[in-house]
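For 37-50, the entry in Swiss-Prot reads compositional bias 'Polar residues'. The compositional bias 'Basic residues' annotation in Swiss-Prot covers 70-79. Per Swiss-Prot, disulfide bond is recorded for C94-C109, C101-C115, C108-C126, C112-C133, C117-C124. According to Swiss-Prot, the N-linked glycosylation site annotation covers N38, N39, on the basis of sequence analysis. The region 'Disordered' annotation in Swiss-Prot covers 26-83. According to Swiss-Prot, the feature signal peptide maps to 1-22, an assignment based on sequence analysis.
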Amino acid sequence: MDVIHLFLATLLVSLCFLTAYSHLSPEEKPKDDRSLRNNSSMNLLDSPSVSIMALNKKSKKISRKEAEKKKRSSKKKASMTKVARPRLLQPAPCVATRDSCKPPAPACCDPCASCQCRFFRSACSCRVLTRTC
């Protein structure tokens, strides 16, 4: 009985390996050592070299000072460019054309417009029916 279980387990593992290997795309399949060496040498020549340098404390301080100067200068420019804004006028107690005018809202601003409601008074808007009133 143990031999049968061992055989079935081996068969199951081999089938799992076969299905996983057959579903790999061609570029994911393992290659031989020669092709790997050729690809790695070509990749090294194609990519640009990158050098990483550590910053010392002095250069960090200089960059922080430069950043603070930039912040200060931008704040000064922003404060100089501020212009007195005109006061916003209170909106008139009316609804502009094509805006919502549901019943508790005031009347339409345009004398030729009227409030039209659709879909059981759920969507209402001010519309101009005729240009000549």
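Quick reminder: no glycine exception, Cβ is built from N, Cα and C everywhere.
On the structure: features taken from Swiss-Prot.
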{"residue": "C94", "record": "disulfide bond", "Cβ contacts under 8 Å, 6 or more apart": "P106, A107, C108, C109"}
{"residue": "C101", "record": "disulfide bond", "Cβ contacts under 8 Å, 6 or more apart": "V95, A107, C108, C115, C124, S125, C126"}
{"residue": "C117", "record": "disulfide bond", "Cβ contacts under 8 Å, 6 or more apart": "K102, A123, C124"}
Report summary line: C109 (disulfide bond) -> DSSP, reduced to three states, gives coil
Query - Structural state of C117 (disulfide bond), classified by DSSP into three states - result: strand
Query raised in the report: Taking C108, C115, C126 as the disulfide-bonded residues to compare, which has the smallest set of other Cβ atoms within 10 Å?
Result: C115
Query - Cβ packing number for C109 (disulfide bond), 10 Å threshold - result: 15
Query - CB contacts for C112 (disulfide bond) [other CB atoms within 10 A, all chains] - result: 13
